[in-house]
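Take a look at the structure set out below.
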Amino acid sequence: MVKSHIGSWILVLFVAMWSDVGLCKKRPKPGGGWNTGGSRYPGQGSPGGNRYPPQGGGGWGQPHGGGWGQPHGGGWGQPHGGGWGQPHGGGGWGQGGTHSQWNKPSKPKTNMKHVAGAAAAGAVVGGLGGYMLGSAMNRPLIHFGNDYEDRYYRENMYRYPNQVYYRPVDQYNNQNTFVHDCVNITVKQHTVTTTTKGENFTETDIKMMERVVEQMCITQYQRESQAYYQRGASVILFSSPPVILLISFLIFLIVG
């Protein structure tokens with residue numbers, strides 16, 4: 001009796017296991033089958049996915065949610081949601097929507113070498129043999145000894161330069177040679193430039209211009225001399241043996 005019950009239970013378990021295996025074989029795999037998103041070639045594309053996965057709810061002939069002949073949700077002849085001749089997102093002809101605008105010329109890239117070269121050149125003026133152009137100054141108030149010239153200067157001072165040309169101060173022995181060279185090149189350059197524009201200077205203009213430029217050249221020399229001595233003092237300070245020893249000790253403490 002007991003043996004018959006054991007045999008019955010074994011038979012029931014065998015049938016149950018066989019049925020479960022059969023159901024597993026018949027159950028469709030997720031995303032498999034023809035036109036169900038499964039990959040017929042597992043070696044191509046991601047595992048379990050189709051080479052061309054559907055993008056949202058389209059029926060037969062309606063991939064990506066569009067109607068017949070309307071891929072990606074666009075109308076007839078409107079691929080990717082754009083109008084006729086407007087591919088990929090509704091951009092106008094030659095715009096390309098969200099894709100690259102092939103019809104638009106690319107912006108020129110800034111050449112950093114040119115920028116750095118211009119910054120390093122500073123105020124060096126081309127065509128004047130290494131002269132530099134100083135910063136703009138207010139034209140000085142000068143009295144020429146008589147009312148006529150004083151009035152003439154006030155009425156025409158805007159015609160005279162407010163910047164001077166000069167060389168570095170270390171190329172001169174003293175202030176007088178610097179100022180003399182500065183006045184000559186500045187007056188000459190301003191006269192030539194203004195004459196080419198159709199404006200001429202009288203002897204009175206030249207006299208007043210030389211006085212004005214002389215005062216500005218003296219101011220420019222004082223500025224350049226002060227800056228030159230400050231740079232020299234900094235070099236001497238940092239090149240002295242005690243300072244070098246102190247800096248080396250600090251670097252040793254930081255690195256160590």
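From the backbone N, Cα and C atoms, a Cβ is placed for every residue, glycine too.
Not measured: the values here are computed from a predicted model.
Taken from Swiss-Prot, the feature signal peptide applies to 1-24. Per Swiss-Prot, repeat '1' is recorded for 54-62. Positions annotated as region '5 X 8 AA tandem repeats of P-H-G-G-G-W-G-Q' by Swiss-Prot: 54-95. For 63-70, the entry in Swiss-Prot reads repeat '2'. The repeat '3' annotation in Swiss-Prot covers 71-78. The repeat '4' annotation in Swiss-Prot covers 79-86. Here Swiss-Prot flags 87-95 as repeat '5'. Taken from Swiss-Prot, the feature disulfide bond covers CYS182-CYS217.
In the three-state DSSP scheme, CYS217 (disulfide bond) falls into the helix class. For the repeat '1' (54-62), the model gives a mean pLDDT of 45.
Sequence-distant contacts (6 or more apart, same chain, Cβ under 8 Å) of CYS182 (disulfide bond) comprise VAL164, TYR165, TYR166, VAL213, CYS217, GLN220, TYR221.
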